[in-house]
Amino acid sequence: MKTPPNVMLPSHLYQHLFSFFLFLILSFFLSHYLSLSLSLSQTNSYAMSEAADLFKALQDAKDCKSLLKKHLTQERFDKLKDLKSKFGGTLADCIRSGCKNPDSGVGIYACDPDAYTTFAEVLDAVIMDYHKIEKVAHPQPSFGDVNNLGFGDLDPSGELIVSTRVRVGRSHASYGFPPVLTKEDRVNMEKASVEALQSLEGELHGQYFPLDGMTPETQQKLTADHFLFNDSDRFLKAASGYDDWPTGRGIYFNQDKTFLCWVNEEDHLRLISMQKGGNLAEVYRRLVKAIEQMEKKLTFAKKENMGYLTFCPSNLGTTMRASVHIKIPKVSQMPDFKDVCDRYNLQARGIHGEHTESVGGVYDISNKRRMGLTEFEAVTEMMRGVNEIIRLEKSA
């Protein structure tokens, strides 16, 4: 049997075939490049168009008194409208909620940690105004000597303070904030957060309960007990805070329910220490212990002159909110109640959270300033203000 002879093609045919295949490959990549460029162009055009529409709505809202409207001038808008953060966030992502809700107080969120650099021109102005500081600066964290705080139970008789709570927010350094997060991001953050939480020891040891799969009855009970968050805040909703709800969200708490952690609510993590009565020292010490243990497991987003970074610029810096639920039916009716709160840098709101009203003369009183002071200074400022309100209530 004869072996068929090797068939050699002329060299010019090899060259033509090579050129043909090269043409096919280049055409494929060029097609994908043009498609991607068109997609990005359309996305950028949409973002710019949305930003312009949002800004117009903000300008048309004559009764709007938000810090966003005050500080997002036409000049600043023109400078920032086309920019994108390292996480792909836009100005529209930051201002969407404040433009759709003209009754907002602050009106602007950071779409991700890098937004505080990319959109600094407007965010810095809002931050300085809200936190009452002359420049964006923040000291190194300091929780004071937890064994010698200088305060204890603010209401030993138990007449006025119903409960005490101190919380901080923390953000994973490698992820954006709600407007730029994907469903996968939320799931991965939840996994990392839960692993860290499950390493907590002593009185902080507890259990994690994901919202996804939680029965409505359990969810309602935990919410009524002020342990759990929900998806009812229209300001947060407009800021993409509830995207993919309830995926990636959950709550961790210890056996006594004196330490809780919210996962992927407004911020990636909310570490919360709380208990009945007015023993601020016990609540504060427990939180400090939790923060120290969590920071051994996770890397949190920080900026040198801003401290810990959060979704809302009102929480920057210490991110600490120290509060009491307190019965003050007399003081709250005084004409100068707001002036008293302002004098001590306190915020008064309803017991069901921001933008809610008081029920039965019970108010949530907390420190307003989070930035430009240490954690210990923030909790001490709240303590002094609450002591004054108690004095006024008892003498009224």
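Cβ coordinates come from backbone N, Cα and C, glycine included.
Heads up, TrEMBL stuff is auto-annotated, nobody curated it.
TrEMBL has this to say about the protein:
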type     : residues                              : note
BINDING  : 163-167, H226, R270, 321-325, 349-354 : ATP binding site
DOMAIN   : 50-132                                : domain 'Phosphagen kinase N-terminal'
DOMAIN   : 160-396                               : domain 'Phosphagen kinase C-terminal'
TRANSMEM : 20-40                                 : transmembrane segment
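Assigned with DSSP, the residues of the domain 'Phosphagen kinase N-terminal' (50-132) fall into helix, strand and coil as follows: 49 helix, 2 strand, 32 coil. Of all the binding-site residues listed (S163, S323), S163 has the fewest other CB atoms within 10 A of its CB. Secondary structure at R270 (ATP binding site), taken from DSSP and collapsed to helix, strand or coil, is strand. Cβ contacts within 10 Å of V166 (ATP binding site), excluding its own Cβ and spanning all protein chains shown: 26. Cβ neighbour density within 10 Å is lowest for R349 among the binding-site residues R270, R349.
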